[in-house]
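Among the features that TrEMBL reports, ATP binding site is placed at K78. The annotation compositional bias 'Polar residues' is assigned in TrEMBL to 346-373. Marked as domain 'Protein kinase' by TrEMBL: 50-325. For 329-373, the entry in TrEMBL reads region 'Disordered'.
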Amino acid sequence: MICSCFGTSSVLQKRHDKHANESVQTEEGDSIAKTKNFTYNLLVGATNNFHRSNKIGRGGFGTVYKGVLKNGREVAVKVLSAESKQGEREFMTEIDTISNVKHPNLTELLGCCVHGRNRILVYEYLENSSIDRALLGFRKSIKLDWEKRSAICMGTARGLAYLHEELVPHIVHRDIKASNILLDENLQPKIGDFGLAKLFPDNITHISTKIAGTAGYLAPEYVLGGQLTLKADVYSFGVLALEVVSGRSSGNTNYGCGDKLLMEWAWELYEEGKLLDLVDPELEEFPKDEAIRYMKVALFCAQANASRRPMMSQVTEMLSRNVRLNEDQLTPPGFCEGSSRKSGMVSKNKSSDTTTSHQMSSYPITTTEVAPR
Ligand SMILES: Nc1ncnc2c1ncn2[C@@H]1O[C@H](COP(=O)(O)OP(=O)(O)O)[C@@H](O)[C@H]1O
Ligand SMILES: [Mg+2]
């Protein structure tokens with residue numbers, strides 16, 4: 001178990017930034033390995049001077065390039081675009097913490113580089129890209145059968161359960177979405193970008209990006225009131241699981257089912273007892289009961305009332321065993337309407353059939369730090 005000093009730079013007793021992979025002692029006597037420092041020149045060489053042909057993608061935090069180190073190892077080099085809210089020392093402390101978080105379902109941070117105002121992160125390179133490209137894009141790059149999809153849901157749930165419940169102090173990811181679930185050579189999922197949201201002011205970068213583009217992943221209480229708890233990640237996981245089972249992106253509303261969000265449509269099908277209609281038509285064979293269970297677990301995760309959502313360790317249980325889900329306890333999802341429709345927040349109530357909507361813009365988005373479980 002790693003006992004880190006997330007956000008508390010003062011507990012580090014010493015640093016020697018020029019030397020990689022040393023250990024530093026926290027005041028509690030725990031040791032954390034220091035992040036490897038890559039020189040800027042080394043990364044220039046690895047990425048062919050950040051050439052556009054090496055560019056893999058661009059997201060809320062910056063631009064990602066594929067690089068090859070001198071020893072032949074492939075890496076993903078992320079050049080952070082937004083100004084960090086911290087000074088170099090605090091930034092390095094956060095980065096030390098992130099690079100000490102290791103789990104088979106988390107993308108490994110190999111090191112970093114601070115060069116003038118540039119801050120660059122070096123990650124292990126995941127050759128099968130992210131599931132937005134592999135599964136949800138126009139040009140789906142990989143054929144994912146049911147076993148692979150179920151492994152993606154399970155592995156992502158395990159990675160999140162580790163961040164939420166095993167790591168001390170725990171980490172709320174804040175940005176669980178298809179482009180942050182990367183696939184290794186065996187198509188096992190690895191969550192990317194954990195710990196990063198904390199480095200930046202909330203008013204720029206990924207938060208505003210999400211409101212504009214991928215609002216479908218956001219828990220209602222996060223958008224409306226800025227309440228950021230572990231349960232906001234659980235909500236996003238629910239949306240992601242539906243995407244994996246259905247092969248449809250939550251960012252679209254043109255599924256041939258009217259102008260509905262994926263979660264909204266899933267709830268409607270659930271109420272009609274037709275959840276199987278949601279399964280990706282490209283899936284030729286799949287265990288129907290299991291697929292239905294996965295979709296119901298997704299609905300449990302996305303309930304409008306955050307306290308009713310399961311913890312991620314419970315989600316792994318619900319997904320992995322053929323447990324009977326207590327559907328009497330299942331309440332409707334809350335969701336944010338996407339940019340394709342009027343901007344607002346909707347929570348539909350099953351029993352009264354009333355719809356409550358609030359204008360998103362009238363609620364300031366201020367996130368809190370890691371919140372209690
Ligand atoms: N470690 C990695 N290995 C391979 N591809 C990656 C890696 N990290 C990110 N990518 C690719 O780069 C794209 C942009 O990533 P990122 O900057 O993290 O944006 P996002 O905001 O979508 O998370 C992702 O969609 C993914 O396909
Ligand atoms: Mg990412």
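For all residues, glycine too, the Cβ spot is worked out from N, Cα and C.
Long-range C-beta contacts of the residue listed as 'ATP binding site', restricted to its own chain and to partners at least six residues apart, with a cutoff below 8 Å, comprise F61, G62, T63, V64, Y65, I120, L121, V122, Y123.
K78 (ATP binding site) falls within a strand when secondary structure is assigned with DSSP.
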